[in-house]
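Feature list (source: TrEMBL):
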ACT_SITE  Glu80  active site, proton donor
ACT_SITE  Asp221  active site
ACT_SITE  Glu314  active site, proton donor
ACT_SITE  Glu335  active site
BINDING   Thr438  Ca(2+) binding site
REGION    480-523  region 'Disordered'
SIGNAL    1-21  signal peptide
Amino acid sequence: MPFRLLVPLGLLCALLPLHYGAPGPDGTAPDPAHYSFSLTLIDALDTLLILGNVSEFQRVVEVLQDNVDFDIDVNASVFETNIRVVGGLLSAHLLSKKAGVEVEAGWPCSGPLLRMAEEAARKLLPAFQTPTGMPYGTVNLLHGVNPGETPVTCTAGIGTFIVEFATLSSLTGDPVFEDVARVALMRLWESRSDIGLVGNHIDVLTGKWVAQDSGIGAGVDSYFEYLVKGAILLQDKKLMAMFLEYNKAIRNYTRFDDWYLWVQMYKGTVSMPVFQSLEAYWPGLQSLIGDIDNAMRTFLNYYTVWKQFGGLPEFYNIPQGYTVEKREGYPLRPELIESAMYLYRATGDPTLLELGRDAVESIEKISKVECGFATIKDLRDHKLDNRMESFFLAETVKYLYLLFDPTNFIHNNGSTFDTVITPYGECILGAGGYIFNTEAHPIDPAALHCCQRLKEEQWEVEDLMREFYSLKRNRSRFQKKTMSSGPWQPPTGAGTFSSPESQDQMREKPAKQKVPLLSCPSQPFTSKLALLGQVFLDSS
């Protein structure tokens, strides 16, 4: 298992300066926007358990309970806070008992990490209070959405909540989280073009597309990922049907020789013949829907790029077979390794282990520094940048380890499990089938059924709640709504929740479309690259 060489050399050493809030390698103070809520600690916490470091997991849980405070005047990315903080806390909460943490009565329906996750998620809810139900990209954790906040959000920043928020609703019993996530997903579905594609950035106030380049990479990627993973986690046929419709359009308009290009969302004409490293998640996603042959062909295309440079450049010009100017770096992203792990579990093909070996050797040889692993600034000459992204610990390390560890508890096939007594009855946990969020935080799908009452009781409660909300909606007409008063209410009117089937019916009557789509002036090639390249430079 070659990856075991990587663990003692750098992982815990890399965590220590971040753990204690120490200055960075250049002597500067930590960034308050990240260190204020111990981002890296939360992001790397479940990695510790997967690697078998139970004592460190336990210690970090204590540190988080003593130090995390979300009542801070910080402008935070809604997307990043959800996938890293909410997702990381939920995963750690559900893995706490396995890690030997003493859990409180009622777990997994209660617990300090769950309360932290809920608190963090509530800080994000004001972002969803828009006419469309699609969230702003940034929210102030203390004051809500800033008055001058831009309404333009990327597609992934709107459609990447259902895994974490549905889990949170199931564990806490508060439906608001899953509700807002579903509304955002449906708004994107309703906004797709006549040829079935979505753009890259949209105005959340008007529902008009601002960037019309369509692809599977930066700014769009995890929207597609969460349709599939949300469908599996929630056993939701509608979400899967939505993805399969997108998949048809993606194959028809963006796939060329098992590469995926960027095209204009209304016409399907190629706008950028570029492969982005973030797109390397796609073969893994294909494997989840059983499309193994196509997944392997695309994976092998991406692997040739890795072998060419010893890593995946952020942008790779497919016709020229080389990097794109100012996009030559590799911040140790996990996507290709993630796909290798999924495909190896599905096929056992030794080629996938070869990628893992190459990744270990490249990371060790090129990016290892005194106490951590540095971002590769330029793959052409292997110059390093003075930073290490938290997703390296949360994702890259984790997926590499799992690729080489077939007996890890994450890979459980249901042969073993734990029985837990909750306030709602007996519950089975740890039987496998974990769903990774887009930051590689595993969610036990069985946990979503642990905190729900028996069906007979649930029906009675639902009848009471329908009556309650009916009265509440009538009352709310006479009350002034503010950002801080009352629970979130889904937007109403034309275009409010509809299934793929009903949406197809709406397409036959374009005159009734509530939100017309605007065309953007065409951008020069370099401007498009700059726009897309800046979407998630600090995340995967």
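Placement of Cβ uses the backbone N, Cα and C atoms for every residue, glycine included.
A map of TrEMBL features onto the structure.
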residue	record	CB count, 10 Å
Glu80	active site, proton donor	23
Asp221	active site	28
Glu314	active site, proton donor	25
Glu335	active site	26
Thr438	Ca(2+) binding site	27
Students should find that the Cα atoms of Asp221 (active site) and Glu314 (active site, proton donor) sit apart, in Å rounded to an integer, by 14
Restricting the comparison to the recorded positions Glu314, Glu335, Thr438, which residue's C-alpha is spatially nearest the C-alpha of Glu80 (active site, proton donor)?
-> Thr438
The residue listed as 'Ca(2+) binding site' sits from Glu335 (active site) (Cα to Cα, rounded, in Å) at a distance of 10
How far is it from the residue listed as 'Ca(2+) binding site' to Glu314 (active site, proton donor), counting Cα to Cα, in Å?
-> 18
